Amino acid sequence: MFTDGMGVIAMYALTVLLAIPLGKYIAKVYQGNPSRNAGSALDFIAPLERLIYRLGGVDPNRQMNWKENLVALVTINLLWFIYAFFMLLFQGSLPLNPDGNPSQTPDLAFNTAISFLVNCNLQHYSGESGLTYLTQTAVIMFLQFVTAATGMAAMVLVFNALRTEVADKLGNFYVYFVKSITRILLPLSLVVALILAFNGTPASYDGKDTIVTLQVDTVGVSRGPAAGMIAIKQLGTNGGGWFGVNSAHPLENPNYLTNMVEDISIILIPIALVFALGHYINRRRLALVIYGVMTVGFMLLFFPSLFAEISGNPAIANLGVAQPLGSMEGKEIRLGAAASAYWGITTTATSNGSVNAMHDSMTPISGAMQMLDMMINAFYGGVGVGFLNFFVFLIVAVFISGLMVGRTPEFLGRKVEAREMKIASLIAILHPFLILVSTAISSYTLVNMPDADWAVKPGNWLNNDTFHGFSEMLYEYTSSAANNGSGFEGLGDNNFFWNFTCGLVLILGRYLPIVGPVAIAGLLAQKKYVPESSGTLPTDTGTFGLVTFAVIFIIAALSFFPALALGPLAEYFSLR
Amino acid sequence: MAKQSSPSLFQRELVGTAIRESFVKLNPAVLIRNPVMFTVEIGTVIMLLVTIYIALSGDTSQGSLGYNIIITLILFITILFANFAEAIAEARGKAQAESLRKTREETPAKVIRTLGRMKLDEVEIIPSSQLQKGDVFLCETGDIIPSDGEIIEGLATIDESAITGESAPVIREAGGDRSSVTGGTKVLSDRIKVLVTTQPGESFLDKMIALVEGASRQKTPNEIALTILLAGFTLIFVIVCVTLQPFAEYANTPITIAALISLFVCLIPTTIGGLLSAIGIAGMDRALRANVIAKSGRAVETAGDIDTLLLDKTGTITIGNRKATHFYPAPGINQTDMVRASALSSLADETPEGKSIVELARSGDFGTDVTRSLSIEGATLIKFTAETRSSGIDLPARLNGNGRATAGQNTDVIRIRKGAVDSIRVMVERAGNVFPAETDKKAKEIAANGGTPLVVAENDVVKGVVELQDIIKPGIQERFQRLRRMGVKTVMVTGDNPLTAKFIAEKAGVDDFIAEAKPEDKMNYIRHEQTGGKLVAMMGDGTNDAPALAQADVGVAMNSGTQAAKEAGNMVDLDNDPTKLIEVVEIGKQLLITRGTLTTFSIANDVAKYFAIVPALFISSIPALQSLNIMRLNSPESAILSAVIFNAIIIPMLIPLALRGVEYKPIGASALLRRNLFIYGLGGLIAPFIGIKLLDLVIGVFI
């Protein structure tokens with residue numbers, strides 16, 4: 001148990017140690033002049049970037065306002081969707097399909113395309129049989145790169161609005177987007193993929209291998225160019241695995257070392273981006289306060305989960321069975337309870353959604369913490385979008401604390417007024433709205449028409465009725481709204497009702513929380529910059545951090561208190 | 001300065017009006033302006049229907065009839081409490097405004113009618129309420145001035161104590177910057193003709209009264225933003241409560257409508273929602289009590305954001321006027337000669353500086369022969385102009401023909417001038433004379449010590465320099481320190497030379513100064529600050545201040561100032577007190593702080609309310625959730641009742657705070673946030689735990 005604990009501490013410490021220089025590097029990447037070299041270590045990529053701009057017909061020096069940037073973002077996303085949908089629809093007849101896997105049905109292709117387009121990676125198929133090597137790499141892996149970069153580019157647009165000298169123009173989305181891939185995601189993925197490949201993760205186009213087991217059965221083992229995709233799956237807070245069971249699969253996550261690398265990859269960029277903010281707008285203290293608030297929140301979610309997992313299942317303890325390894329149901333013995341609990345919290349904190357253990361099998365407290373993590377969705381958060389979510393809470397906190405010191409609220413020299421509050425309020429409401437309303441609809445359907453004549457009768461949706469069943473539904477929608485993509489499983493979700501409702505939640509949960517903060521940023525940037533005076537409320541203090549934390553706790557966490565009480569909390573108190 | 005503040009927040013007659021108004025405000029068309037309380041009203045109506053249904057059908061699946069009646073009543077009372085808060089604030093504000101208005105109502109006005117082209121003036125007496133804009137009326141000794149206006153002819157001493165509380169009479173005269181009169185004040189002597197400048201019902205006071213009336217009050221930008229945020233919170237809790245019903249259905253836990261609506265009403269920010277407009281009205285009322293008439297709520301709120309404050313030196317930082325303290329003769333000039341010249345030049349000078357020179361000359365320190373022979377018969381008075389920057393007198397030489405005229409100058413006019421160093425230097429040097437280096441040195445010395453050197457010359461020969469000293473108002477340093485701690489930069493505007501200005505600026509503790517200021521300098525300074533994103537406030541009275549008053553974000557015009565200045569500014573100070581801006585800034589800040597802290601309090605309350613109601617909803621069917629009942633409340637019914645009652649009574653308990661405003665302390669923004677967060681955030685977290693538990697103990701006795 002001690003070693004387990006040390007492993008978790010080492011993972012977090014290593015992440016922060018790596019994130020500090022990475023943050024500095026990222027800030028430098030985005031600060032660089034688009035047409036010339038940025039002065040970073042990767043300047044040799046610049047010609048490639050220029051080629052991309054020329055091919056795309058993009059003028060990298062053109063400064064765009066927030067509306068133009070959002071139009072660019074949404075248009076290019078739409079193009080990717082069409083591309084992904086048709087690739088999946090015809091994958092069976094396209095090359096690089098050594099295992100002869102079939103094309104996806106239109107509704108599954110639709111679902112898969114949407115799910116990966118929004119960086120959610122909810123999978124209603126199993127990678128080994130549901131995709132070909134071509135679609136795995138050219139659709140899934142492609143989207144894992146570009147959607148992560150989309151979030152990061154949107155975040156840089158918001159960063160720009162926080163700089164003192166900016167007015168109106170927020171920079172060029174395409175430039176930030178391209179650089180995010182060429183200078184951040186691609187090099188990091190290369191490193192992670194190499195480590196994985198050397199530890200046994202497949203990286204071949206040869207199709208299935210076979211082994212003969214001790215029982216002399218011949219078993220086909222799926223392979224493929226997996227290492228590269230798993231790297232970006234972790235780094236880009238994507239989470240959609242090569243294999244069906246994700247990082248619990250021995251080839252996707254072979255040993256404790258790869259587990260550490262993959263888990264560090266989950267939160268490395270989200271933390272580094274907070275530090276990057278400090279360097280980019282030259283407000284290190286503000287970045288530290290934001291990091292502090294996120295970390296306190298993260299730890300408050302992690303520790304209950306950790307203790308719940310290592311102390312084991314009370315139901316088993318009541319049988320008089322000792323659980324020296326903690327609660328091991330649904331976990332990999334090579335990884336252990338502590339590392340699984342840590343992964344569970346990192347993956348839900350960051351909208352990653354990859355798993356190395358089955359969340360359905362974790363103790364109720366872990367379930368509650370993981371859901372709460374996704375309900376808040378701003379403690380580190382997904383690459384780029386995590387900060388955007390946090391930004392909305394920040395604006396609300398700025399407003400309330402600004403009033404409390406007797407000044408029209410202002411954030412980094414820009415006044416926060418009615419229009420910004422309107423957008424911030426709407427975005428803050430959106431997340432509870434999506435989760436609670438959709439869960440309410442599914443609960444209502446389940447209770448009132450259990451025998452509806454559907455492919456899967458609502459009465460048969462749940463493996464568990466009772467509180468755990470409610471948690472399964474709640475988790476599914478929470479995961480969708482947070483664009484997380486992990487599943488509690490135990491839920492019959494591959495049917496029209498769940499595909500449709502989750503798809504809707506996915507789209508709304510992705511684009512509105514990007515559009516909102518960028519719009520706020522655009523509006524703020526247009527305002528006159530007011531230099532700070534001694535009457536201005538400094539936002540880089542612990543006190544302000546406390547207000548932000550309180551706002552997050554009361555808006556995001558407490559709105560879900562009744563729902564959580566009926567799900568994991570009821571289960572937890574019943575188990576004791 | 002006598003503040004007209006009432007000792008009690010709840011005067012009997014005001015409470016009566018307010019209670020009546022609380023019911024009138026139940027009208028949904030009125031209440032919809034306040035989205036939070038409007039949703040409570042909807043909840044109350046639903047509860048009323050449920051109660052009627054139970055009474056008629058006897059169905060008790062929704063709880064007992066008595067329980068439902070009590071919940072309905074408490075919700076109804078919650079709305080009444082909120083309405084009462086607004087009504088009492090309104091009543092107080094109106095009472096304050098009316099007391100000002102009463103003084104001017106129905107006074108007879110002597111209107112002058114011009115008859116035909118003969119311009120035959122005829123005085124007709126009409127009630128003041130019939131005065132129209134453009135009318136001219138006459139006021140003589142003992143008359144009450146019937147309406148606001150501008151003197152077009154004459155001069156009068158006026159008792160303005162009815163408005164300002166200041167008993168000393170003031171002089172108002174046609175032309176210049178002190179030509180305004182206010183309705184309700186009394187003419188003590190002389191006779192003036194006054195032009196009516198406002199339509200009846202459109203005076204500043206009428207505008208102010210509209211600001212303290214809830215119905216016609218324009219919401220300020222910050223108030224709108226806060227209302228949006230509160231509406232956002234309300235919507236979140238609509239979602240939370242509406243979706244809870246199917247969740248509970250899944251968990252086989254029927255939730256009564258009463259419980260669901262109670263949860264909703266407790267969670268939405270009713271405390272701040274109920275008090276929000278009262279806070280706004282009370283802010284206007286506080287401004288009125290400080291004898292400041294704001295033309296909009298926005299102006300008062302902006303005052304709290306002020307970064308830079310422009311203040312005239314004279315009258316604000318220093319006691320009115322400079323006084324002569326020393327005579328320094330130029331080399332080779334005897335002192336008596338110099339003192340006599342100085343006194344002569346000032347005899348006809350009505351400015352306080354001039355008078356003080358004569359006063360000093362007559363003080364006896366310079367020999368009696370100095371003043372005995374003074375005579376200005378037949379003299380021509382040379383008035384001060386901005387171009388010459390000097391004043392003086394031309395005396396016929398024969399009247400003073402005892403050889404005093406400078407030898408060699410066979411002129412029959414003695415020209416004595418006194419003025420600023422550079423203007424006299426130009427005059428002297430143009431005449432081919434030398435400006436003595438010693439006098440120049442002395443003048444610089446005086447200026448460096450904060451005094452004003454006034455050079456006296458007779459027939460273009462320098463006689464010496466008179467030292468005028470400013471006296472800084474006692475206590476002004478502390479006020480500037482307070483402003484600095486608020487984050488407000490103070491700027492002194494003065495016509496003095498830079499050296500003098502610097503000395504006084506340092507002595508008074510202002511941050512910056514504009515020396516040798518011309519009217520357009522103020523304007524340029526304001527523009528410059530505004531380009532840097534700063535908000536600027538200034539105070540002014542003269543017509544030449546009007547553009548700057550209009551340009552400033554907060555322009556406070558003195559009531560004694562010209563009509564142009566009053567129109568240009570967005571506040572009028574009835575006391576004519578130049579330091580009033582400091583109070584206005586505090587009132588503005590207080591307004592925002594009160595809103596912010598009560599919002600925090602209201603939202604922090606939710607934590608306890610969740611822990612009271614959520615377990616109460618479920619423990620009957622999921623006993624395990626008893627663990628969430630951390631307050632150990634008696635029963636689900638008593639838990640819900642306690643929460644709803646607490647939610648209702650916290651509104652009237654906070655009314656005094658809303659009306660008085662949360663105190664502003666200039667301790668720096670971060671420290672202030674910490675303090676308010678501790679009191680209202682932590683307090684808001686803990687108070688309902690205690691309150692609900694106590695209420696539960698009491699209710700537990702009855703059920």
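Heads up, residue numbers simply count up from 1 along the chain you see.
Quick reminder: no glycine exception, Cβ is built from N, Cα and C everywhere.
The Cβ neighbour count for B:Asp312 (active site, 4-aspartylphosphate intermediate), using a 10 Å radius and every protein chain shown, is 21. Classification of B:Asp312 (active site, 4-aspartylphosphate intermediate) by DSSP places it within a strand. TrEMBL lists B:Asp312 with the feature active site, 4-aspartylphosphate intermediate.
The Cβ of B:Ser390 (ATP binding site) lies under 8 Å from the Cβ of B:Ile382, B:Phe384, B:Arg417, B:Lys418, B:Gly419, B:Ala420, B:Ser423, B:Ile424, B:Met427, each on the same chain and at least six residues away in sequence. Look at B:Ser390 (ATP binding site): DSSP puts it in a strand. The annotation ATP binding site is assigned in TrEMBL to B:Asp349, B:Glu353, B:Phe384, B:Thr385, B:Ala386, B:Glu387, B:Thr388, B:Arg389, B:Ser390, B:Ser391, B:Lys418.
Classification of B:Asp545 (Mg(2+) binding site) by DSSP places it within a helix. Sequence annotations record features per position, and here TrEMBL assigns Mg(2+) binding site to B:Asp541, B:Asp545.
According to TrEMBL, the feature domain 'P-type ATPase A' maps to B:121-213. On the 0 to 100 pLDDT scale, the model's mean across the domain 'P-type ATPase A' (B:121-213) is 77.
What TrEMBL records for B:35-55 (among others) is transmembrane segment.
Sequence annotations record features per position, and here TrEMBL assigns transmembrane segment to B:67-85 (among others).
Residues annotated as transmembrane segment in TrEMBL: B:224-248 (among others). Non-local neighbours of the transmembrane segment (B:224-248) in the same chain are 34-36, 39, 254-255, 260-261, 263-264, 267-269, 272-273, 276, 595, 599, 603, 617-618; each lies 6+ residues outside the stretch with a CB under 8 Å from one of its CB atoms.
Among the features that TrEMBL reports, transmembrane segment is placed at B:254-279 (among others).
TrEMBL lists B:640-659 (among others) with the feature transmembrane segment.
The annotation transmembrane segment is assigned in TrEMBL to B:679-702 (among others).
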Mapped DSSP class for B:Phe384 (ATP binding site), helix or strand or coil: coil
DSSP state at B:Lys418 (ATP binding site), helix/strand/coil: strand
Lowest local Cβ density among B:Asp349, B:Asp541, B:Asp545, which the record lists as binding-site residues, within 10 Å: B:Asp349
Residue numbers, six or more beyond the limits of the transmembrane segment (B:254-279), whose CB comes under 8 Å of its CB atoms: 33-37, 39-40, 43, 46-47, 50, 61-63, 67-68, 71, 75, 78, 81-82, 85-86, 88-89, 214, 217, 223, 226-227, 230, 233-234, 237-238, 240-241, 244-245, 248, 591, 594-595, 598-599, 601-603, 605-606, 609-610, 612-614, 616-617, 621, 636, 640, 643-644, 647, 650-651, 654-655, 658-659, 661
Positions on the same chain near the transmembrane segment (B:35-55), where near means CB under 8 A and six or more residues out: 26, 28, 62-63, 65, 68-69, 71-72, 75-76, 78-79, 82-83, 227, 230-231, 234, 238, 257-258, 261, 264-265, 268-270, 272-274, 276
Cβ packing number for B:Thr388 (ATP binding site), 10 Å threshold: 17
C-beta crowding around B:Lys418 (ATP binding site), within 10 angstroms: 29
Top Cα neighbour of B:Asp545 (Mg(2+) binding site) in the set of recorded positions B:Asp312, B:Asp349, B:Thr388: B:Asp312
Distance, B:Asp312 (active site, 4-aspartylphosphate intermediate) to B:Thr388 (ATP binding site) (CA atoms, angstrom): 22
